[in-house]
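A.B. asks: Provided herewith is a single structure, encoded as structure tokens, for subsequent inquiry.
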Amino acid sequence: MATLGLSKVFILDKYFTELQKFWETEKKLQDACGTSEAAQLEQRLRSLGCELVTLRSRLPPALHHSRPTTPPAPIINTATTTTTLTASSANSSFHATNNSNNNNNNNKNNATTTSNTPSAPNTNPASPSTTTTTNNNKNVQPHNGTAPLLPLNFPVGGGTPSSGGSESRITLNSSNLADGLNSSQSFLADVSCVKGGMTGGVQEVEDLIHLAGPLTEDAVLKTLHARFCSSHYFTNVGPILLSVNPYHEVGNALTLTSTRAAVQSPHLLRVVHEAVRQQSETGYPQAIILSGASGSGKTYTSMLLLRQLFDVAGGGPETDAFKHLAAAFTVLRSLGSAKTTSNSESSRIGHFIEVQVTDGALYRTKIHCYFLDQTRVVRPLPDEKNYHIFYQMLAGLTQEERAKLHLEGHSVRTLRYLSEGDVRQDEAEDARRFEAWKACLGVLGIPFLDVVRVLAAVLLLGNVTFIEGQGLEVDIQGGSHELKSVAALLGVSSAALYRGLTTRTHNVRGQLVKSMCDANMSNMTRDALAKALYCRTVATIVRRANSLKRLGSTSGTLSSDSNESVHHQGEVASQHASTVGTAGSKASKSMSVLNNAVKHATDGFIGILDMFGFEDPKPSHLEHLCINLCAETMQHFYNTHIFKSSIESCRDEGITCEVEVDYVDNVPCIDLISSLRTGLLSMLDVEGSVRGTPESYIQKVKVQHKGNGRLFEPKANHIRSFGIHHFANRVIYDASDFLDTNRDIISDDLVCVFHKQSCNFGFATHLFGSELKALFSQDPVPRGVSFRISPTSHTDLQNGDEPVSTLTQDFHTRLDNLLRTLVHAKPHFIRCLRSNCSEKPGHFDRATVIKQIRALQVLETVNLMAGGYPHRMRFKTFTLRYRLLVPFKKLRRVEDKTVDDCKLILEYFVRSLEDVSRSSTVAIQWALGKRHIFLSEGARQQLEMLRIEMRHRAATLLQAVWRGWHFRRRWPTLKRNLELRARSRTVRPRPQPIAGTPPPDVMDRCDQKTIQQTCSLFGLDLERPPPVPPSRSYTITGNHKMGYPQTRVMKRKFPEEGGGDSVLLKGESVVVVGASSRRGHLLVDHQGHSFHVPFQYMELKPSAQPGVNI
């Protein structure tokens, strides 16, 4: 197996595949007619049962409780085909096809055919339904309106379409399209795919599959360069998006707040719209995966995506959820980013942003962090920097705050943890960012002083240097002033902190032995404490950011561990693809239980993955090996999803593709690093358990992988170094600190110092809360156990000096759980490229870009999208999505006739292409397989364009008919109102000011005292104005006052659209009892009912009561 995590995914998916076969075979056994057939099926059931038992025994124990012990009752009307995930020991990979939606489509009732809008679009990763509809409108010229696109009287052709196995090519001038429609068809059609036409040059090509001429690296590079020069930094390769970093905003903090003024890209907006649409229509998880080298702009792009996601589904940047998330990223960016040799804003913490969406609206967000680069806290590489927050804190603290934190007189050059790296600093910018960071801590509800106390203690710990003393104890170089400052900041006594750093308790055959550490061991313990304080502070802030209640959330507090939801989701998510498809059928009770168990963990989120990019620092340490392993894994996930699944699906269903994509599989490199027994990381764990040395580790690696082409020996032939040929470049690693870094431990002698009995700083005690709880659960304390430096979800202890897991094991577990989440989500890939290596704004270095194009296999992707079959759909899913292209009465709409309906849709599709304008030639081809229809990217784009046009035309027709009917219905009333308004309109001249009237003199105005005296004299109150006088108790007709009640005659019916007894009819006499509270209305009493009737609806009787002459 390539990795332990990958093997679990394969076993789990294989288990559900065999379970599905078991149910199908049992259903066939119930319907068996002959004895021989029944015997064969019974034998088949026995073999499948044995296979299920074997697979179940290989499943992780945490997953056993949610699965049935024995195969449940068979499912009736369940899909009989499921694409499986396969693996081999030499080539482990994902086969991430979404079977759940296909099963679901086959289980739905096919009788609901009265709507032309598909109710269940396909969620297959390579499905045609994944294309952004806006992009198709831009890339394809609209259909000429002079000729009908799909005429209702289109002849289907004589006879039934042939279903033979031979392939045939369809021409647009064929007189009998139906006879030529066989299992595999392709042709060349003219499609307008270039924005504004090809006359604008290659910079106008928005999709690389539409490049004119041969598809070569040079053509791709020239197109990207031309678009870069015209400020177009995003280019499509079918549904995949390429992004070139122009470095126009070097120095940007890369947060939601700092990207506020960035221009929103329509390409990114289409990706967001497509993810939201598919999630809302199918309920299936969506994952936007950003990949590329370090410095290629992944974090910047992820912030733009998150802003646009809030604009589309979250209410915009003015919502409380957005402000809270923006504050969280501002805090985390300062804590998790640092300057490296290749990137001044390098993210040293990977992020998976989980956005929970329901009914197309965002209601909760959660950040999952993956912290690796711990060594940077205590030992940054030359020409690199420590984490940004340290420099910002030194630049932004006031003198009073510096005094409280014991940092008076300290600068970047006097603090050892900072002076070993680059000491250059922009103090003004750092101070500005620190003020923003401080304000955002307040938004999150995190005490500012608690956090900076820990950060100041970390900096001062670096200046505590232990040296060998005269006796057994070690001395502190330069005195104990720095140690006392650290102890005061952490709320412990300096003596207790000294003992924790310089002593170690060992359990020797049940006896506790306390020993003194030498200077080297004490310094290593000091560095371990600094790393533990920093890592745990970051984890605490992440937990706090995720624990605040969101609008619409059902729970007030989320997971206590920053990665817990990914862990939990990874354990159950792999069930989803095989179980969710039977939710609408007569499934067994156990499957319903499984669906309910995984629904909350897999459905309803849109994830944005911004993980570590490939990098080649000098020297490279263990953290960089893990970072590059993460990059290798993301590249392998892309290869499997785009290349391998397409090629294997075509081969399994007997489809011959004219284009053979020769992609590079990086499984050997992943096997070299992370295979279960012989991988570099596994051998490192073994070497650490036997107390080996870097030299012995390197020697064993070279012997074990002597013939591996991915492993090479550096030219310098250093005994502690080795080289790996990664997918992006060759990297030389220095293994001097591999064993110590991987051990990643902190002793209980040091942890117990922070117990609440000896520590008065609650925040520091909270950082080691779970460890202290486990440690003090039994006596004695300390007792010679060890804990992880970085926080982990594991809290159990082992006997002896070793913690539960090493750094590489914990990282591998988290990466494995992340892959479990991604493998069952619909991916949307964004491939990021660096324009140059020096972060020079607006500079396009062709050599740098071409290396990344080859590493990311962009040309292979273009070839597959342009000439292969990258998309496949189930027959029923294809019919549901594109059936509106065919007249409703032509479709069979029967389960057994789904393939015939697909062929009928393709006939109309061929006919529609005759009217498409001819501006460029794009291969539009498809093939009918055993279970799927395979589509080229050109066919998918054209189908989507026709579908959009047909839906737009239908919507326009519906709106026109409804508006016409509604206006005609209201026209009599509108006409009477217009006539009445014209009749009662009296033009009254606007009063003019008196000519020659001077403005009032300022001196003649009354002062405040005069105003108060006047108010007191007349009983007025300035604060409470006099009440509005009541309505007058009379009306005026001519020169007469007429009091109430009055008798009037209705001029027309009121209310006009009313019915029943309470209606005032035209010509009916009514009694007006007074003025109404509504303006322009009179209060009418008629047959025990009161009406507020406009005065225009009534007139006085000719024999009205005499009034008072005025």
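Cβ coordinates are placed from backbone N, Cα and C, and glycine is handled just like the others.
Heads up, here are the entries from TrEMBL:
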{"type": "BINDING", "residues": "Gly292, Ala293, Ser294, Gly295, Ser296, Gly297, Lys298, Thr299", "note": "ATP binding site"}
{"type": "COMPBIAS", "residues": "91-139", "note": "compositional bias 'Low complexity'"}
{"type": "DOMAIN", "residues": "204-948", "note": "domain 'Myosin motor'"}
{"type": "REGION", "residues": "91-171", "note": "region 'Disordered'"}
{"type": "REGION", "residues": "552-581", "note": "region 'Disordered'"}
{"type": "REGION", "residues": "815-837", "note": "region 'Actin-binding'"}
A.B. asks: Tally the residues of the region 'Actin-binding' (815-837) by DSSP class, grouping H, G and I as helix, E and B as strand, and everything else as coil.
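C.D. replies: Going through the region 'Actin-binding' (815-837) residue by residue, I get 9 helix, 9 strand, 5 coil.
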A.B. asks: Determine the mean pLDDT over the domain 'Myosin motor' (204-948), rounding to the nearest whole number.
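C.D. replies: A mean pLDDT of 87 is what the predicted model shows over the domain 'Myosin motor' (204-948).
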A.B. asks: For the recorded ATP site formed by Gly292, Ala293, Ser294, Gly295, Ser296, Gly297, Lys298, Thr299, name the remaining residues of the chain with Cβ within 8 Å of the site's Cβ center, in chain order.
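C.D. replies: My list of surrounding residues reads Asn245, Asn343, Gly613, Cys832, Arg834.
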A.B. asks: Just to be sure I understand the packing, how many Cβ atoms besides its own are within 10 Å of the Cβ of Thr299 (ATP binding site)?
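C.D. replies: Taking every protein chain into account, the count is 25.
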A.B. asks: Across all chains shown, how many C-beta atoms besides its own are within 10 angstroms of the C-beta of Gly295 (ATP binding site)?
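C.D. replies: 24, counting other Cβ atoms within 10 Å of Gly295 (ATP binding site).
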A.B. asks: Tell me, how many other CB atoms lie within 10 A of the CB of Gly297 (ATP binding site), whichever protein chain they belong to?
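C.D. replies: Its Cβ has 26 other Cβ atoms within 10 Å.
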